[in-house]
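Quick notes on the structure that follows.
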Amino acid sequence: MLTKREELFGGTPDEYLSHKEKYENSTRKAVILFSLLRKIQEENNTDLTNYRNLLSGVLGASISQDGSPFGLHYIMFMPVFMSQADEEQQERWLHRALNCSIIGSYAQTELGHGTFIRGLETTATYDPSTQEFVLHSPTLTSYKWWPGGLGNTANYCIVIAQLYSKGECHGIHSFIVQVRDEDTHMPLPGIKVGEIGVKMGLNAVNNGFIGFENVRIPRTNMLMKHAKILEDGTYVKSKNSKLIYGAMVFVRVVIVFDSVNYLAKAITVATRYSAVRRQSQLKEGEPERQILDYVTQQDKILTAIAGCFAMKMNARMLWDTFNVINDQLHKGNMERLGELHALACCLKAISTSDSSLFTARCRVSCGGHGYMVSSTLPATSALTTASCTYEGDNTVLLLQTARFLLKTWRQIDTGPLTPTVEYLKTVSAPGFSYKWENSIEGIIRGFQIVSMKKISSCLNLMTAKVMSGMSQADAWNTISIQLVSAGESHCRAIVISTFHEDMSKAMRSMSASLAEVMGQLVELYAVYWTLERLGDLLEYTSISGADVVKLRSWYEELLRKIRPNAVGLVDAFDIIDELLQSTLGAYDGRVYERLMEEALKSPLNAEPVNQSFHKYLKPFMQGKL
Ligand SMILES: CCCCC/C=C\C/C=C\C/C=C\CC/C=C/C(=O)SCCNC(=O)CCNC(=O)[C@H](O)C(C)(C)COP(=O)(O)OP(=O)(O)OC[C@H]1O[C@@H](n2cnc3c(N)ncnc32)[C@H](O)[C@@H]1OP(=O)(O)O
Ligand SMILES: Cc1cc2nc3c(=O)[nH]c(=O)nc-3n(C[C@H](O)[C@H](O)[C@H](O)COP(=O)(O)OP(=O)(O)OC[C@H]3O[C@@H](n4cnc5c(N)ncnc54)[C@H](O)[C@@H]3O)c2cc1C
């Protein structure tokens, strides 16, 4: 009798399973895992705070690097329900979703549209004679494409469609739609549903497509917490049309936490391997050195560790900010919705792009063995690059942040600013003077000035172009590279200052030795990004060549200081081997034995001579083909 652990982590490695077997195996594992999680869920209420903890358990424990077919049920189907269904609808559906007696997905993206959601083509036309909506996919490009779990797993999904009533289009709204029979799992009439095929990664998420041929759903299947359709077809507007986007904000907040989890796995593997791997001699006749002793290796890995700690603290700040503003939204105060959206956009973009960048660095820092699937680094790299796209393409999200920043800058003199942008007032105040200094505070100030000056410059450029006769839209597009850069600079200023402030608070309750190491990580992160963004700092601050020379020495000194604690820092993530799933990163450091153990699991090693020798090779080598 297999133990739960053996059931979850034993068997043929996923990499040797077919696409279909991989899905079936991940569904088998998901059922075991989510039965356990369901017990946790039954003990907790379903408010967002508990829910996020449950969700991070789901994500953290999504035992396959390829994700899980239940992921979207937790990541979007339920959060959207909690934020957009009215009380009657929550009463009717939410407990069934929470105990997984129904499995849902979230169908927004279509073959033809992912970013521009106002351009979605799926229609939901209200028929007052039957008090139903008619869901329809008018074109191939209107087919929903990507929804996780929709291929073969989900029997319900939330569909985002253009709402028509009394001949008028009211824009996109959310609808809950049953897609498969709850007993037979057969697709319901008028529904064409399937799986989209093999992807770069996340191949257990079971992303699917769905098309509707005049499918009728009751009026009460429109999620009506915000906007409504009355029985006679009268449309009742939402207090704020952007509240329908609320779930995307929540998921972007979750993704920031998630990007930290993925990066933590990658740097745990790369750091431990770099301590085990010995290669080359520093001095003739000496034993080969641990590759972690090479400063170039420290440059790749220690900065990633610092980045992981930095983003973890920023994820917490974002979550706290989300909760504060979400409470205000529930009370009808929309004042900070735009700020929350802008903050979630830039932090999701920067956390995922940093995670993708540093994970790719971890992969190459492990040489050939880092290219083995059994190292888990290729799959983690595929995961992090996906996160730069899902829940909003990073470029598009940084443009959203830039849009908010320009709007803020236009109003800079009309009153107080909201917390995440009040630095703009400080560094632009008359009489404010600043001389670059090589200190954390000096670096933070420098990034804030860069951000402010980029935003100001973008607005001046836009104004000049419009004054010269260019349309607002063309002017926006023409300078969009600079707008993205302004969004990134704003975010980097927030990340460094949050890391410094929150870590400084945390250090007060640490031992002196631990506080010293944490302080070194904050400095490493700040100095690293200063050196990475020298161009901006040279353009907008008084940093000098002499300052840069000292910064480089400071950086190298920090790498030297942090090196002895590198393994201890990643051990602190405490990722068990079963979740790490890495021949290079296992806690016992038996890298070579594990690489060989995994290799021998290859089906190609089951017999000494593969059948292709007799069928193809031998006749070929004998000139018979
Ligand atoms: C268990 C194992 C799990 C396995 C998986 C493993 C790990 C996964 C972990 C997490 C995964 C998470 C998700 C995976 C699944 C993925 C799901 C999806 O991808 S769902 C689809 C997501 N799609 C998007 O994000 C689309 C992006 N596009 C948009 O958001 C909008 O179209 C865009 C770009 C904002 C433009 O919209 P538009 O209406 O044209 O906006 P404007 O630019 O015109 O601005 C209008 C005003 O609206 C405000 N706005 C826009 N968006 C929002 C928002 N979200 N919230 C609040 N306000 C918003 C904007 O600020 C403008 O306001 P002003 O006019 O400036 O005041
Ligand atoms: C692994 C994965 C899981 C997913 N799961 C789901 C899911 O469960 N449900 C769901 O609904 N969707 C899901 N998606 C879809 C995802 O939300 C979209 O892929 C994403 O929103 C980007 O849209 P797109 O793919 O159409 O890219 P596009 O928007 O076509 O972007 C392509 C390029 O065009 C650029 N671009 C687009 N618009 C602009 C603009 N206005 N200004 C400047 N540049 C622009 C982008 O920057 C990008 O470089 C998933 C995607 C992935 C990869």
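Backbone N, Cα and C define each Cβ position, glycine as well.
As annotated by TrEMBL, active site, proton acceptor applies to GLU391. Long-range Cβ proximity for GLU391 (active site, proton acceptor), meaning a same-chain Cβ under 8 A and a gap of 6 or more residues, is found for MET248, VAL251, ARG252, ILE255, LYS348. DSSP classifies GLU391 (active site, proton acceptor) as coil under the three-state reduction.
Residues or ranges marked as FAD binding site by TrEMBL: THR109, GLY148. Taking Cβ-Cβ distances under 8 Å and a sequence gap of 6 or more within the same chain, the neighbours of GLY148 (FAD binding site) are GLY67, PRO69, GLY71, LEU72, ILE75, MET76, SER105, TYR106, VAL205, ASN206, ASN207, GLY208.
Sequence annotations record features per position, and here TrEMBL assigns domain 'Acyl-coenzyme A oxidase N-terminal' to 6-103.
TrEMBL lists 245-406 with the feature domain 'Acyl-CoA oxidase C-alpha1'.
The domain 'Acyl-CoA oxidase C-terminal' annotation in TrEMBL covers 440-622.
Around THR109 (FAD binding site), the same-chain residues at least 6 positions away in sequence with a Cβ under 8 Å from its Cβ are LYS144, TRP145, TRP146, PRO147.
Under the three-state DSSP scheme, THR109 (FAD binding site) falls in the coil class.
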